[in-house]
Amino acid sequence: MRRRRWPLLSLLAFGYAFLYVPILLLIVYSFNESRLVTVWSGFSIKWYRELLHNQQLLEAAWLSVRIAAVNATLAVVLGTLAANALVRHGRFRGRNAFELLLTAPLVMPDVIIGLSMLLLFVAMQHGLGWPDGRGFTTIAIAHITFSTAYVAVVVRTRLAQMDASLEEAAMDLGARPLTVYLRITLPLIAPALLSGWLLAFTLSLDDLVIASFVSGPGSTTLPMVVYSSVRMGVSPQINALATLIVAVVTLAVIIAGVTSLRGSRTQRRR
Amino acid sequence: MPAPQDNPPARRQRLSRVVNIGLPYLWLGVFFLLPLLIVLQISVAEPRLGQPPYTPLWEWLESGVLQIQVNLQNFMLVWEDSIYLTAFLNSLWVALVCTLLCLLIGYPMAYAIATAPPRWRIPLLMLVILPFWTSFLIRVYAWIGILKTNGLLNHLLLALGVIDTPLNILHTQTAVYIGVVYSYLPFMILPLYANLSRLDPTLLEAAADLGCRPLRAFVRVTLPLSLAGIVAGSMLVFIPVVGEFVIPDLLGGPETLMVGKLLWTEFFGNKDWPLAAALAIVLLGLLVVPFVLMQRLERRMEDSA
């Protein structure tokens, strides 16, 4: 058996190379002196300096981060409620439709979500007078809608795997259901809430299509700025931005990995 | 469970239902389902100048008569103008080819990860997920620099003497295939891994003990048992790719007609909202079948679990 593994392992190596070489090239050429992405003309950090002086891009990034944070927080609340409903409330009436509504946003093409949300906002503004114009609020609402579905998947898995005996013990000792939920259940599913929050944050920060539909004048998000500069061709500033994003993500993953490793070790020690 | 009565626990139980089921239901109903119904409504409207740029579905005339206007012109246009039909067929084709390519690359990867020593599995899986956390737009952008006529790939191939003249890959359908497979590969690997890692290894041992060769055991035992993972991964790739906009827009060329890009152009370029809505409705109709298939499969796995 052991000897036969090398074809599989070389395929695995090829797969990882395919996933990582483009990202590594982006990083390498962000330090290139020349504007031409293909010609190496010496090490330089001038694109990072230009990036930090790009007022339009910085403002867009700040808007995106704020939307992403609001989105992630509300999506975690709604997604956790939905996961509670699916795991704790059994076969309630309308469950199939509920699950359908929670699964569809995961695969629905962005253009359909974007167009439909915009048409809703236009109709609401026409009929109810709210929302008045489009921008932060409309983008956040659109993002919460699809992020909730992702959070629900993450939290639901964790909730279903959870050991129910701790909750039962608290219940037997006379704690009210809400107390049990807040003091036993929530701490136990906290890692899932955190990963759901981070996932929702990333999805929002990454979205170009939906935000383009539901944004208004004066509310340009980071992906919209990146998109318009990428359409003009290759730009080393975008390489610098990519490098910063990769650095942040890698750091976050390493921290998360170390924390969860330490967490599982302390748990074993107990 | 005792019969629900109007005592405090029953009331609390009811409150919990209202909050847990009601709030997400309400949100998704208002902000997901209702918008799709509005798209349907506007797909049968006529474009007009003004705000909003489409005719209303119903209007109270002065005589007190309710007038309902349904205009099927947009759907007729989508059916009759070959550009839309071509775009739909090409979108389905691109999604199909890319799903198969993802399966071809993703299955061996998922299999290798699932059969790796246990302490390697999580790091290997993390390496698959990591690119997914970095910006999608920027990962697509990375391929522009690689595939350009004077890009990195052509430089490398020219230097190695593999080719004499640079290849034209960027702004062709090939570039779209590469970009889609690159971006969607993690979506294929994750469900496949989840499925393959739960596979009982004793089944393969039993097959080997009975004299079955490894390849035959794979085809007769592993492959059928991982069918659920294959379908789940394929749907996670196929359905969104049919409506993909960013990849055909940045990497594709004039001959890569895809419906997501067409819808974008009708909406932002031509400002024809009703036609864009009609395209969305047809696209939605095409995706219902694979979606229902996925949903059924999920429920079956849930029931068996």
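Quick reminder: no glycine exception, Cβ is built from N, Cα and C everywhere.
Keep in mind the model is a prediction, meaning the values are calculated, not measured.
The annotation domain 'ABC transmembrane type-1' is assigned in TrEMBL to A:61-256.
The transmembrane segment annotation in TrEMBL covers A:7-31 (among others). Within its own chain, the transmembrane segment (A:7-31) has Cβ neighbours under 8 Å at 37, 40, 43-45, 47-48, 236, 239-240, 242-243, 246, counting only residues six or more beyond its boundaries.
Per TrEMBL, the feature transmembrane segment maps to A:67-87 (among others).
Under the heading transmembrane segment, TrEMBL lists A:99-124 (among others).
Same-chain residues lying 6+ beyond the ends of the transmembrane segment (A:136-159) with a Cβ under 8 Å from its Cβ atoms: 63, 66-68, 70-72, 74-76, 78-80, 82-84, 86-88, 102-106, 108, 113-114, 117, 121, 185, 189, 191-193, 195-197, 199-200, 203-204, 207, 210-211, 213-216, 219, 221. For A:136-159 (among others), the entry in TrEMBL reads transmembrane segment.
Distant neighbours of the transmembrane segment (A:180-200): 68, 71-73, 75-76, 79-80, 143, 147, 150-151, 154-155, 157-159, 162-163, 166-167, 170-171, 252, 256, 260, 263; these residues of the same chain sit at least 6 beyond its ends, with a Cβ under 8 Å from one of its Cβ atoms. The transmembrane segment feature in TrEMBL is assigned to A:180-200 (among others).
For A:238-261 (among others), the entry in TrEMBL reads transmembrane segment. Away from its own ends, the transmembrane segment (A:238-261) comes close to residues 23, 26-27, 29-30, 32, 37, 47-48, 50-51, 57, 191, 195, 198, 226, 229-230 of its chain (Cβ-Cβ under 8 Å, at least six residues beyond either end).
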